[in-house]
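Feature annotations, courtesy of Swiss-Prot:
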COMPBIAS  155-164  compositional bias 'Low complexity'
REGION    1-207  region 'Unknown'
REGION    155-186  region 'Disordered'
REGION    208-476  region 'Protoheme IX prenyltransferase'
TRANSMEM  20-40  transmembrane segment
TRANSMEM  64-84  transmembrane segment
TRANSMEM  98-118  transmembrane segment
TRANSMEM  207-227  transmembrane segment
TRANSMEM  231-251  transmembrane segment
TRANSMEM  271-291  transmembrane segment
TRANSMEM  303-322  transmembrane segment
TRANSMEM  324-344  transmembrane segment
TRANSMEM  345-365  transmembrane segment
TRANSMEM  402-422  transmembrane segment
TRANSMEM  423-443  transmembrane segment
TRANSMEM  459-479  transmembrane segment
C-alpha cells in the first residue's frame, strides 16, 4: 500500500512538473509576443530606461509605457518560474536529456533579459531587436522540446517499437468496413436532393471555411503593403479558392475510391458506394478546375498558376505519390494547405512577398500538429487502407510527441509573422490564448490516449488557426 501511494504521489508530482514546464514555456512565448506588440506600439520608446522609466525608477506617464513595464514585470516572474521548474525537475529525478534542455533554457534566459534591457535603454536597434526575438523564440522552443521528451518518457509505451513497414499493406485481419446502402430514394425530388448532396460531398466542403480564412488573411496582409484589396478581387479569389478546393476534393475521391471502400470512415463516400459514376465525377472535377482557373485569371495570372499548382499538388502529388508511400506524407503535404496563403497575397500584390511566405510557413508547420491528431483517432482505419501514417508506422507515442514539436514550431513561426507584418495586440492575444489551449489538449492527449482526446486536440488545433487568421484580418483591416 505504501509503495502504491508513493507511486501515485510521484505521478502527481511529475504531472505538476509538466504543467509548470508548459506554463513556463507559454510564459516565454507571451513575453515574445508582448515584446513584439510593445515594439509595434512604440511602448518601448515611451519607457526608454531600465528597470522602469525616466531615471530608471520613475513610473510611466502613459498607458503604452505601462505596457512596457508590465512586460518587464512578467519577465521577472517567468524567470523565477524557469528556475523553479529546473529545481522541481532535479527533485523529481527527471531524465537527463530533459534536465539538460531545461537548464539550457534557464541559462539563456538572463542573457535574453540583458539584451532586452540594452534594447530598452539604447532604443530600437535592428540587430539587437532581431537577436532579442530569436533568443526568446529559441528559449520557448527549447522548453517545448523538453516538455515533449518528458511526456514521451512518462506517458509513452516503452514496448512500442516500429514493427510496421514504411509502406504497410492493407490489413485483411482488421474488422471489415461497415456496409452502406447506396440506393437512391424512389421519389424524384428526394432522388435529386440525394444526388446533389453527393456532388457537394465530393468537394469536401468542411475544408473550405478554414482554407478561405487562410486566403482572406493572405489578402489582408497583402493589402497592408502596396497591394489594393477590392470587393471584386476578394470575391473572385475566394470563389476561385472554393472551386479549386472542390476540384481537389473531387479528384481525391476519384483516385481513392477503392481504398475508401476498405476504410470505416470513408466507406459511405459517393464514389465508394457508386452513388456518383466515376466519369461524372471526373467531368465535375474538370469543370470546377476550369471555372476556378478562369476566376483566378481574372485576378492575375500568377494567382491562376498557383491555383492550378494547388489542385495538381493535392490531387496528384499528395494523393498518389505522398499519402500511400511515405510516413512524411502529412509534413510534405502541408504545402497544399499553405498555398492558399500565397494565393491570397498574390491576388492583392501581384507577386510573392515575405508576408505571404511567412503566413504560408505558419500553415505548413501547423498541418502536422493538426492532422496527426486525426491520424491517431483513425489509426486502425489508416492501417486498413494501407496508408503509412505516423501512428501506423512509428507508433502512437512518437506521434503524440510530434504533435507537441510541430505545435511549438507553429507558434515560433506565428511569432515571426507578427514581427514581419507588425501585427498588433489582437493577434498576440489570439496566438497566446488559443496556442495555450491547443497545448493543454495536446498534453492531455498524452495522458488520456483515447480517440476522444485525439479529437479534442484536433478541434483545438482548428480553433487555434481559425482564431489567428481572424485576428490577422481584424488587425490589418480594423485596427
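Residue numbering: from 1, along the chain as shown.
Cβ from N, Cα, C; glycine included.
If you look at the transmembrane segment (459-479) against the transmembrane segment (324-344), you find fewer than three C-beta pairs under 8 angstroms, all six or more positions apart, and that falls short of contact. Counted over residue pairs separated by six or more positions, the transmembrane segment (207-227) shares at least 3 Cβ pairs under 8 angstroms with the transmembrane segment (324-344), which defines the two as touching.
Cβ atoms under 8 Å from those of the transmembrane segment (98-118) belong to residues 21, 28, 35, 50-51, 72, 75, 78-79, 82-83, 85-86, 89-90, 128, 131-132, 135-136, 138-139, 142-143, 145-146, 149-150, 153 of the same chain, restricted to positions at least 6 beyond its ends. Ranked by number of Cβ pairs under 8 Å to the transmembrane segment (303-322), the listed stretches 20-40, 64-84, 231-251, 423-443 are led by 231-251. If you look at the transmembrane segment (423-443) against the transmembrane segment (64-84), you find fewer than three C-beta pairs under 8 angstroms, all six or more positions apart, and that falls short of contact. The stretches the transmembrane segment (64-84) and the transmembrane segment (231-251) are not in mutual contact, being linked by fewer than three Cβ pairs under 8 Å (pairs 6 or more apart in sequence).
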